[in-house]
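Asker: Before I ask anything, here is the structure I am working with.
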Amino acid sequence: MIPGLINARVTFHNSPVHALERFTFRDVGAALEGFRAGSGLDECVIVQTCNRVELFGASASPDMGSIRRTWASLAGIDESLFGGHLESSGGGEVLEHLLRLTSGLDSMVVGEEQILGQVKNAITSARTSGASGRRLNTLFDRAIRSGTRIRNSTGIGSGGVSVGSMAVRLVEENMDDLHSRSILLIGTGEVSTLVAKSLGKRGYDFSVASRTLQRSQAFCSAMGGSPVLFEDVLDGFGGYDVLFVATGAPYFLVTYDKISEVLESRGGMMILDLSNPRTVDEKVATLGGIKLMNLDQIAEMVSKNMRNRMSSVGKVEQMISGEVPVMEAAMNRLDAEPIAEAAFKEADALRRRELAKALQMLGNIGGNDAKVIDDLTRALVESIMSAPMNNLRRASEEGDADVVDAAARLFDYRRPG
């Protein structure tokens, strides 16, 4: 049991993605400040992506009603809009949910990598602004480390699971030094967007051609790449080492004759036909130096990778189940640490005062003798304090609030606030 932790969220699980925008915060920094000022939270972290808006909070007694009202005010919406979209968790459930996030289990695409980086950015922003403190910093740091370890040991995030990422990965596997190659993307639709995202993420330069230059320019403004004239491309495939073709054209854009001409003046080329129906003449594959792959082949590889990821889900859930009690003990121990630190500090201050008196009474005592006495008194204090402090930490890990409260009274420790 971990009192004082709360998570409130609107995600793709309980809201259409297109409707999530109304629950987002235009200024996350201002929202962090607003939640602390308006909902009674001592600490908070906001994880906001295209698929989720989540608030993690810590206080003595989190109040969901206050959080809901503050959220509505900060997002500029009526509280009634939450309806059944807003979901919440408390205590140990918060730990489990955050582990599911960092391990990729709660993502729309199971195992996707982006969420781990987004969680890291969220805690970094909260820490920098002072919105998070000892409890949430510890929670997020441990969840990020555990999520990374779970991903590495289970392979939940391995393999491409979009046509775009798989297509780019195949090119990387088949062509050396892709950064020095010229890449052309024909088309500006959904599949082209996936390809462009994957190319951009890996730092590759690429050109984009569409039916109109304006469409190519708009696509490149949003997704990266350099727009080129469609007509120039059709007459000059020879300028490219890699072609990604993803259009809805009802005819072959890339023909056998055009590629034959290209091969007379250059070496090999890799062509990925991601169109449906196909827009690359299959006879192109018979030409020496040409590597052609079509949408069906790539989609089958994506399906295989997705099946592999799903087969790892059980192992991930098992590891999360084992990690939750470990994290819960670590979080509970936080209640004991300031008491133990204060008790040790007070005991050492008393030791040093009495040591100074004793050394003064002894008079002309040598430096080495003084060090021996200093070491002796320090060892005595640490030995005397060690057992009760370890027992205090153990009681705290087990959630025994009575022992922690009793220790605070015995050592005259006053909690902040």
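Even glycines carry a Cβ here, placed using N, Cα and C.
What you are looking at is a predicted structure, and each value in this text was computed from that prediction instead of being measured.
When I checked Swiss-Prot for this same protein, it listed these features:
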type	residues	note
BINDING	Thr49, Cys50, Asn51, Arg52, Ser107, Glu112, Glu113, Gln114, Gln118	substrate binding site
ACT_SITE	Cys50	active site, nucleophile
SITE	His97	site 'Important for activity'
BINDING	Gly187, Thr188, Gly189, Glu190, Val191, Ser192	NADP(+) binding site
Asker: Please list residues from the chain of Gly187 (NADP(+) binding site) whose Cβ is under 8 angstroms from its Cβ, counting only those at least six apart in sequence.
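Answerer: For Gly187 (NADP(+) binding site), the qualifying residues are Ala209, Ser210, Phe244, Val245, Ala246, Thr247, Gly248, Leu274, Ser275.
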Asker: What does DSSP assign Thr49 (substrate binding site), in three states?
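Answerer: Its secondary structure by DSSP: strand.
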Asker: Under 8 Å Cβ-Cβ from Thr188 (NADP(+) binding site), six or more apart in the same chain: what's there?
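Answerer: Same-chain residues close to Thr188 (NADP(+) binding site) (Cβ under 8 Å, separated by 6 or more) are Val208, Ser210, Arg215, Ser216, Ala218, Phe219.
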Asker: Rank the binding-site residues Asn51, Ser192 by how many other Cβ atoms lie within 10 Å of each Cβ and give me the one with the fewest.
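Answerer: Output over binding-site residues Asn51, Ser192: least Cβ neighbours within 10 Å is Asn51.
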Asker: What is the interatomic distance between the Cα atoms of Glu190 (NADP(+) binding site) and Ser107 (substrate binding site), given in whole Å?
Answerer: 20
Asker: Just how many other Cβ atoms lie inside 10 Å of the Cβ on Gln118 (substrate binding site)?
Answerer: 17
Asker: So which other residues, same chain and not among Gly187, Thr188, Gly189, Glu190, Val191, Ser192, have a Cβ within 8 Å of the centroid of the Cβ atoms at the NADP(+) site?
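Answerer: For the NADP(+) site the neighbour list reads Thr193, Leu194, Val195, Ala246, Thr247.
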Asker: I need the nearest neighbour of Glu113 (substrate binding site) among the recorded positions Cys50, His97, Gly189, Val191, Ser192, using C-alpha distances.
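Answerer: Nearest listed residue in space: Cys50.
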